[in-house]
Every structure is written in C-alpha cells, then in structure tokens.
Amino acid sequence: MELSVAMCGLLCLLFSQAVPMCVPTDYTLYEERRECDFCVAINTTICMGFCYSRDSNMKELAGPRFLIQRGCTYDQVEYRTVILPGCPLHANPLFTYPVALSCHCGTCNTDSDECAHKASSGDGARCSKPLRHIYHTLA
C-alpha cells in the first residue's frame, strides 16, 4: 500500500512538470489618479503560471530549434470599465482594465499585451489616498 502511494506521488510530481500550469488567477489592481480623491482596488483575473521554455547557451551551434521562449499569456480577454469615485468634473473618471477569461502558453503579443514584468517596490504601500474597493462580476 505504501509503495503504491509513493509511486502515485512520484508520478504526479513528474507529470506536473510536463503539464503547463498557466491559468487565470485572482489579482488586485490599484489605480490612483492625482486629480481624484481615492485610490481604487479592483479585483480581476490575470494569466499566471508556468510554461515550458528552453534556451541553449550555444545558440550559434544549436540553431533556433533549441530556443523556445513561451510565457503565460491571454487566450481570451475581456476589457471592463469602471467609474473611479471622487474625481472632479474636469477629470476623466473612466478606467479600463483586462479580465483574463482563459490563458495559454505562447509568445506575448506586444501589440495588445503588456509583456514586461514590472517589479513592485516591496514596501507594501499601494496607495497614498483612502482606498475604495471595486469588485467585478462575470457576466
């Protein structure tokens, strides 16, 4: 019995490395505009996870077939717009954000997606103004 449990665990561990783990994941966006009174927290989904990549350190000898660079990116995305509270009449209170409906492993489309990772400051401060939450619901 113990051997079958250990074998099953080992197979699951090995198989999980071969299966891409690229899925929509809950994420909170923080939007703060200078002219508005509040910082807004918007709950949405983004694509996040592991995708198989390979990069040879001998590109000249190996050629492009040994260069596979894929990331977790949008397959289907929906854009939603919210009205930011506390904005004066002269300011545009609309903010549009993406909601990942499905994801896949592939190359990032720089024409439509943000492909660069932006490092956070790490201090935990996300807003300098009072915080308001906006929750999205799937239609």
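Every residue, even glycine, has its Cβ placed from backbone N, Cα and C.
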Item to check | According to Swiss-Prot, the disulfide-paired cysteine of Cys51 among Cys103, Cys105, Cys108 | outcome: Cys105
Checklist entry - Between Cys22, Cys115, Cys127, which residue forms the disulfide that Swiss-Prot gives for Cys72? => result Cys22
Checklist entry - Which of these links to Cys47 by a disulfide bond in Swiss-Prot: Cys87, Cys103, Cys108, Cys115? => result Cys103
Checklist outcome for this item: Among the candidates Cys8, Cys12, Cys39, Cys87, the one bonded to Cys36 through a disulphide according to Swiss-Prot is Cys87
Item to check | Disulphide bridge to Cys127 as given by Swiss-Prot, partner from Cys8, Cys12, Cys39 | outcome: Cys39
Item to check | Packing count at Cys105 (disulfide bond) (other Cβ atoms within 10 Å of its Cβ) | outcome: 19
Item to check | Those disulfide-bonded residues, out of Cys36, Cys105, Cys127, that come within 10 angstroms of Cys72 (disulfide bond) at the Cα | outcome: Cys105
Item to check | Neighbour tally for Cys39 (disulfide bond), based on other Cβ positions within 10 Å of its Cβ | outcome: 18
Checklist entry - How many other Cβ atoms are found within 10 Å of the Cβ atom of Cys22 (disulfide bond), counting all protein chains shown? => result 21
